[in-house]
Amino acid sequence: MRITSTSCICPVLVCLCFVQRCYGAAHHGSIKVTRNQTKHIEGETEVHHRPKRGWVWNQFFVLEEHMGPDPQYVGKLHSNSDKGDGSVKYILTGEGAGTIFIIDDTTGDIHSTKSLDREQKTHYVLHAQAIDRRTNKPLEPESEFIIKVQDINDNAPKFTDGPYIVTVPEMSEMGTSVLQVTATDADDPTYGNSARVVYSILQGQPYFSVDPKTGVIRTALHNMDREAREHYSVVIQAKDMAGQVGGLSGSTTVNITLTDVNDNPPRFPQKHYQLYVPESAQVGSAVGKIKANDADTGSNADMKYTIINGDGSGVFSISTDKETREGILSLKKPLNYEKKKSYTLNIEGANTHLDFRFSHLGPFKDVTMLKVIVGDVDEPPLFTMPSYVMEVHENAKIGTPVGTVTAHDPDAANSLVRYFIDHNTEEDRYFTIDANTGTIKTAKIFDREETPWYNITVAASEIDNPGLVSHVPVGVKILDVNDNPPELARDYDIVVCENTKPGQVIQTITATDKDNSANGARFHFSLDEGLSLNPNFTLRNNEDNTASILTRRRRYSRTTQDIYYLPVLISDGGVPPLSSSSTLTIRVCACERDGRVRTCHAEAFLSSAGLSTGALIAILLCIVILLAIVVLFITLRRSKKEPLIISEEDVRENVVTYDDEGGGEEDTEAFDITALRNPSAAEELKYRRDVRPEVKPLSRHHLSSSLDSIDVQEFIKQRLAEADLDPSVPPYDSLQTYAYEGHRSEAGSISSLDSATTHSDQDYNYLGDWGPEFKKLAELYGEIEPERTT
């Protein structure tokens, strides 16, 4: 099968089609499908021959954007097996088969039914096959061929990145590259001139030019000045078909901005300036501004202002405001109209960033002259000093002068000045000031130990203009006077051991003084000279503001005396010297051999043992528990009853024990126990209280006289007879026990039983001479004797 095509529209294509057809007729027109043949030759082996194809494929072309009413003819398929009788059927498959491309299954003609766009798809791959219409068997093997879409100039060049924004420095040389623009054409660059683009400039001449082939934009003029014109809009065109007539074109806009360079020096608008500054202007304040103009922008317009000469260079200073690029004139020293009324300054303004390519346009600086006129102002009084420090002694009387402040009117009028204290704080009320002289005096008595320093504010105003007021701080230091005696630094707990030796230091004491070091830093310690020599302790002054307490005895006894008192006299070195007396308490304690305190008393022992409150409570609780156990044990032993029969072998009579209690008060009053303890004071007869007595009792005087002659033994017998013969006794035996101890001792009894009935001739006045320890006892016995005498 051969493939033919008639799509030849140009001479070249016509030649190609002719060659194609001739080539097909010469080579493929006589090719037929044949079967494999085997030829047997004598003496040779069997030979196999490959069958030749009866059709071949070729590349078809179809024009894009076909707009005709009929389908566009693409080409023809033909097989050598086709005899023209319609027995061969052609089948077309692949991309676009049946939709875009259709085939006449009898003739093999292929047509395109739709308009194609090469920019969307450049070619289509299809498959062709010839079959027997009757048997549907393939007459030719399936063959693949390509239908290529032929390009036409239907796409204009486009600038995909436009519009463009670009900058170029001003004053650049001619031909300086600015930007390269590129246009793209969607047509086939391998076919004709459809995609061959040429660039040209439509707007922007004569300032810029463009290369027609590369699209590079360059400057076309020398020294383009930004200050003259800054922005340019350049229009670039791209045209295909190499710029020929009929070609398609596209354009873009390039916005070019000239960037600044330092090609303009600064210039002051005027060569002479004048500035008015009042003399009341504060030091450090801004008093004026000045500015030099610069046509450049950004850092190229930055400048620095300096005062290069003039008589006011030491009074004024100038700085640069980076935002406004102005020179700020400030005051370095106070102005005084009465001393100088004007100043002259030469101010220079210079660029800080120079471009040496344009140094021939310089110099890049300018100078102007500024005259400063000082204005006269009515100023407040001026103190001679910015601050004052004064001193006054503590305890000074009210009205004592402290010091004097002085102020004057700085103006030519030299008005009188009045002084006063601003009573804004409490401290200002402690002082007064003379309105005319400025002398400050005390208004209270000061105590340095309470407040050593006071700060007040003194104001001064002119008499003619009281509204103009100036202030000055005044510090008053309170000087120290030796008005505080020294005292012990703390309360000392001094302990002396019982086994101490003479001359042993038991404590070192120090003192403090509220006064400063000039009045009392040197302390002297001594014992009170008004008392007799202390036989127990002495004091040694160490000459270093300390003193040592020393023992004078070998041994001390707590049982004899456990506390000693030692008066100490302390004096300072002030003028006049002051002294105070303090009493030290010294406790006597039992110590170990190494000097550690063992105990001073019960509390000290527990404290020295290091026992806490919880430990003491635990110990006491244990003791209580032990005592309770002991009491319980004793109670149980007593409550245990003894058996009635002590032993079976005891041949004695059984004794029955009864725990009967006595009659209580009736038994105790059945007899007088005092008769046994003091027979001489007993009554002869004492009747029972439970029965009515039948005999009238004797009088006390008669009984006393009869008892003096009765012997104790006779007394007991008499009482025994009375008990036996008494008809009123109870019907049971009553046992009365008499504990007679015999006659009294010649030394007398020390018991107090008969102290109320006997008189003592002892004199207790000597107890008053035994010291304070027996004072209470002497008072008790001293009161008893007068009562007895009375």
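Placed from the backbone N, Cα and C atoms, the Cβ positions cover glycine too.
What TrEMBL says about this protein:
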- 79-159: domain 'Cadherin' (DOMAIN)
- 160-268: domain 'Cadherin' (DOMAIN)
- 269-383: domain 'Cadherin' (DOMAIN)
- 384-488: domain 'Cadherin' (DOMAIN)
- 488-605: domain 'Cadherin' (DOMAIN)
- 1-24: signal peptide (SIGNAL)
- 615-636: transmembrane segment (TRANSMEM)
- Item | the domain 'Cadherin' (79-159) [mean pLDDT, rounded to integer] | 86
- Query: For the domain 'Cadherin' (384-488), what does DSSP give as the number of helix, strand and coil residues?
  - Reply: 4 helix, 47 strand, 54 coil
- With DSSP as the reference, give the number of residues of the domain 'Cadherin' (269-383) in helix, strand and coil. 10 helix, 55 strand, 50 coil
- Secondary structure split (DSSP) over the domain 'Cadherin' (79-159) reads 0 helix, 35 strand, 46 coil
- Query: When DSSP states are grouped into helix, strand and coil, how many residues of the domain 'Cadherin' (160-268) land in each?
  - Reply: 3 helix, 45 strand, 61 coil
